[in-house]
Amino acid sequence: MRENDAKAFVRVWKVMEMCYKILGEGKLVTQRELFYKLLSDSPKYFSCQRHVNQTIQDVVSLLRCTRQSLGIMASSRGALIGRLVLHEPEEEHIDCSILGPSGHAITGDLNQLSRLNLSSDARYLILVEKDAIFQRLAEDRLYNQLPCILITAKGYPDIATRFILHRLSQTFPNMPIFALVDWNPAGLSILCTYKYGSISMGLESYRYGIPLDDQSMIKPIFQNGINEILQFQLAM
């Protein structure tokens, strides 16, 4: 066995051992927090974040489980705003139409996101690549003129934002999804990650993509931007 293969094998066991400890303590950690724990415990095997990220994917594939079930919480940069009300059991509901331009921060706790009850009278869901554009549309209260939900990951899609989008697409299967992205390879890459999932996540990717039956509904918006949707609404 080559040295690199031997180290990768040991990393899998080290990650599972650390996850066992975390679950025993009833805690959740982010991938970054897990890296620092492993760096302290086994610096020989985990010298960079990439080693942890790859090993988590290996463990998830090996055990056919979710990151959350390993005690690993998704880091989230995402936010949403608009015609959506979030209901969590035994908690006050959150009306996303009355929030400030920064919107509602999407938690990285996927268990909490899966418990949410979602209600909406929106007709469209709009993915926004850039946070600056998201905040401008939120400041203008676009969702009052165009009944919609705005959601952003502030760049490349993180797992939590993809998961809540997955839930929205399942809860409101007839709601068209538009993506406001740059007309360049990076924008198309972001669109495809939302739509099809990420190759780097392997077997785990299907949990966070748009269900296959709904993929024809996600549409890119490029040059004409929101005007395209407004015309689409007027034509209906």
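Cβ coordinates come from backbone N, Cα and C, glycine included.
So that you can see what the record holds, here are the features copied from TrEMBL:
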| type | residues | note |
| --- | --- | --- |
| DOMAIN | 8-72 | domain 'Spo11/DNA topoisomerase VI subunit A N-terminal' |
| ACT_SITE | TYR36 | active site, O-(5'-phospho-DNA)-tyrosine intermediate |
| DOMAIN | 124-211 | domain 'Topoisomerase 6 subunit A/Spo11 TOPRIM' |
For the domain 'Topoisomerase 6 subunit A/Spo11 TOPRIM' (124-211), mean pLDDT (0 to 100): 85
DSSP helix/strand/coil residue counts for the domain 'Spo11/DNA topoisomerase VI subunit A N-terminal' (8-72): 46 helix, 3 strand, 16 coil
The domain 'Topoisomerase 6 subunit A/Spo11 TOPRIM' (124-211) - residue tally per DSSP class, helix then strand then coil: 47 helix, 14 strand, 27 coil
